[in-house]
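Okay, so here's the structure we're looking at.
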Amino acid sequence: MNVNKDLQNERNKCSFNVRELTEFIDGGKNRTLERKHIEKLILAQKDELFGGTPEDYLSHKEKYERAIQTNVIILKIVQDFMRDANGGDLTNYRDVLTTLLNFVVSREGTPFALHFMMFLPVFLSQADEEQQMEWLPRAWNCNIIGSYAQTELGHGTFIRGLETTATYDAATKEFVLHSPTVTSYKWWPGALGHTANYCVVVAQLHTKGQCHGIHSFIVQVRDEETHMPLAGIRVGEIGAKMGLNMINNGFIGFNHVRIPRRHLLMKHAQVLEDGTYVKSRNSKLNYGAMVFVRVVIVFDSVNYLSKAVTIATRFAAVRRQSQLKANEPECQIIDFLTQQHKLFIGIATCHALKMTATKLWDTFNEVQQQLRGGNLERLPELHALACCLKAVSTADTAALAEGGRRACGGHGYMRSSGLPQTCAVLDAACTFEGDNTVLLLQTARFLVKVWRGLDTLKLTPTVAYLRTTLTEGFNDKWDNTVEGIIKGFQTVSMRKISECVSCMAKRMMSGMSQEEAWNMTSVQLVAAAESHCRVIIISYFHEEFVKVSSSFSPALRRVMKLLVELYTLYWALDKLQDLLKYTSISKTDTEQLQERYEDTLNALRPDAVGLVDAFDIMDEILQSTLGAYDGRVYERLMEEALKSPLNAEPVNRSFHQYLKPLMQGKL
């Protein structure tokens, strides 16, 4: 391989073993070997998967058809591998999903994502044992493809306001699904456009003249043989979007569509044959699927950010522009501290969020195990944690990917760079599966409840610091270490939550209702929830590094420690206003933080390319002219430009039809 000499020099001076870090990121040596094996299988079908007209020059319809073709190939490879690795078992849908997402060929997403991300998890968390036995085997094997329809044209986050109805008819033992208005049409479900033939539909359950709120139903949407929509169902695709067009988002409406009684998912609540409603012992038991999907979103956001920082960092090592000193050659733009400031925090964020998401996943499994034993104690904490981590991680990765795109100058605006599509995906993640502001307010509601019961409640692990910080107070002497900064963030979070509660109390004393007081305090509540989440992420990143650092070689341990310090220092400086307001940090302390931050950037500079190489994203998946492993940026830009259909002929017909008459004054 002919590699750009500047990029090769960067690799030559890397201080640590890149493969060692890759294996840590993957979750172990065996995981890396598995991934490499799947890559080999994918590359064996390279022509089918990556050949033909570039995606950017296909029509919307052609893009979808190619997405189905390539995703079926990838899915088959992943499923066959998982069957071989697990003795025929495909029930580890998280592994199938994350592997599938890692190998998405289209930069516009995969129409199979929601099948694994929502359809299967909802069945596992809401269907009873008999329903799972009936439906799950076919779903595991993709004999049926499912979607999840909750959001409507007129309602998104306020799900209690959903208009779709499911009315029980005891005479026929059926539910009648109906969309009474245009705003009640389901809007946005992935794969629903033309891919899925089944769907979990969320609707208002009515029986014996009473509404019992929203419940989930399994609904067949299309004929299994012909794929034609069933009678009474109006379904289609919602049209082109800013990005993720191959998710195949759809709409669906129901005109008095009848489904069997047993198509209500009945693990928690039931409707008996005579129409009697049996209430769930706890409505929060339905949180499981949403927690799962939000954990996946954090992992997927890291996946996309790792692509963005790989592209931008490699480009920064190849691109030469301006001079650091007079009479010297143009330098690599990665040598500018401003460039390091834009890029290195993205690398650190990938590791911080990956470790935090892994910890959240472990917490999710622990709580699920407790739920099976009837212990619901940590369920509200898990929900609040998943909400804020989804919100903060998607907002951060979207901002950092956009920063990486801008750091590449005009070339980063080229679709062939892969950065615009990556930014579009991360922007979308700030909205789907829970608007970030609404999610932070849900976390805030949990924090307010905890604060009000601080003297009596048994505190769960992620909020235990609130009592400790309040009881012990904050050391008058600010500590600039990572541990000291974490304590500072704990103080900020504690005091913001306290202020929110006090502010709402004052407003209610002045005559406001609780709802009005909440709304008037909502900006502060969002900020308090974000501060709490910053405590969680920085703490987990530091704690998890300490746990695993002994397994690293000295060289890798040094670099990873620098990333932990960089991440902590970056956010301390970014949130300096909060620290100055709520802690004892001094002007001298802030100056030292700034100096340490700049020194840390400088210390990481020689290892920057090695750090992104460790993400080990093959060129066929990265699909970037700027970020390919060989660094042939300018050659690849020209090669991609020549693929434009406009370059197929020297003179376009529009010249003779329109331009020439204009130029010759003959219009």
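Here the Cβ of each residue, glycine as well, is placed from N, Cα and C on the backbone.
According to TrEMBL, the active site, proton acceptor annotation covers Glu433. Within the same chain, residues at least 6 positions away in sequence whose Cβ sits under 8 Å from that of Glu433 (active site, proton acceptor) are Met290, Val293, Arg294, Ile297, Lys390.
The annotation FAD binding site is assigned in TrEMBL to Thr151, Gly190.
Annotated domain 'Acyl-coenzyme A oxidase N-terminal' per TrEMBL: 17-145, in sequence order.
Sequence annotations record features per position, and here TrEMBL assigns domain 'Acyl-CoA oxidase C-alpha1' to 287-448. Mean model confidence of the domain 'Acyl-CoA oxidase C-alpha1' (287-448) amounts to 92 (pLDDT, 0 to 100 scale).
Annotation comment: TrEMBL describes 482-664 as domain 'Acyl-CoA oxidase C-terminal'.
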Can you tell me how the residues of the domain 'Acyl-coenzyme A oxidase N-terminal' (17-145) break down into helix, strand and coil by DSSP?
94 helix, 0 strand, 35 coil
Return the residues near Gly190 (FAD binding site), defined as same-chain residues 6+ apart in sequence whose C-beta is under 8 angstroms from its C-beta, sorted by sequence, else 'none'.
Pro111, Ala113, Leu114, Met117, Met118, Ser147, Tyr148, Ile247, Asn248, Asn249, Gly250
